[in-house]
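Here's the structure we're looking at; comments come further down.
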Amino acid sequence: MEVVMPRALLVLLSAALALTPTRAGSHSLRYFYTSVSRPGAGDPRFIAVGYVDDTQFVRFDSDAATGRMEPRAPWVEQEGPEYWDRQTRTIKETARTFRVDLDTLRGYYNQSEAGSHTRQTMYGCDLGPDGRLLRGYSQDAYDGADYIALNEDLRSWTAADTAAQITQRKWEAAGVAELQWRNYLETTCVEWLRRYLEMGKETLLRADPPSTRVTHHPVSDHEVTLRCWALGFYPAEITLTWQRDGEDQTQDTEVVDTRPAGDGTFQKWAAVVVPSGQEQRYTCHVQHEGLPEPITRRWEPSPLSTIVIVSIAALVLLVVAGVIGAVIWRKQRSGGKGPGYSHAARDDSAQGSDVSLTAPRV
């Protein structure tokens, strides 16, 4: 299996500048490569994307009409033509390498030429708040399963199976980790990450606080789901926790992965199922870099719901008052003049009419 990286990447990233991040917190530069074979339909499709923190800034698709590495963030567009030419040459070289790798891997696993297979790589570096390297990494996968990974010491490899051990032996013999990956991750990757952070600092170093709310969803006659939402925040790192009377409900909380909102920000929610009528005992706590301090949210019934409840109660009272008034009026009409009183005798024609009663006979 050929060495995929970072030989070509060293050419691409040789013009690195040493710049210092201007915001506390860690940052990352990561690349994701995917090659998918398609027997009978030509060369494998190759897609590459690059991310600074949570922002995609470059992309290449071998099926795209341009056939070039393309910018995906406004701040990287300020790079000149030479940068994009180098990026394109490098990524096309990597695509060719991946095409060969797919054939090699198919042989390692004794697979036929009929099926489609996938080769993936993720690599990059993380910087700490002081601008120094926290960690470097390179991980390879085949058909969705781990294949081989660079260890934290940046000097050795971990193979996932016997096929990957073949690659491991080749790379160890060639000194791939020590001579290429370690140098790239400790030096070149760090320098380019600092450069990108400086170029895109207005976007990358911002901290957009989340907008938060709690929604109410009946589950049954006895239970409801309270869902705590965090929307429109950046960067993606955020913590949502539910508490009941001040005690964490981690084990009973359903939390989804942070998701891109499509506008450069992120969204996330965490939910708990609670007994009906006990909603006010539960609080959602949100922590994010864009917040001066953590915030707490409870479910608050909407004003419309309160108006409806009050209106229904008032209507019930009016109905009850009307019934009581009708009963009193009927009593006054029929027997409300005291005991011993009796109607005077009258003709049948007077029954049911409003004629005055005649004086009783003596």
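Using the three backbone atoms N, Cα and C, a Cβ is placed for every residue, glycine included.
For Cys228, the partner cysteine in a disulfide bond according to Swiss-Prot, taken from Cys125, Cys284, is Cys284. The average pLDDT computed over the region 'Alpha-3' (208-299) stands at 96. Rounded to the nearest whole angstrom, the C-alpha distance between Cys189 (disulfide bond) and Cys228 (disulfide bond) is 38. If you measure from the Cα atom of Cys228 (disulfide bond) to that of Cys125 (disulfide bond), you get 33 Å.
Between the disulfide-bonded residues Cys125, Cys284, the minimum number of other C-beta atoms within 10 Å of a residue's C-beta occurs at Cys125. The residues of the region 'Alpha-3' (208-299), classed with DSSP into helix (H, G, I), strand (E, B) and coil, number 6 helix, 54 strand, 32 coil.
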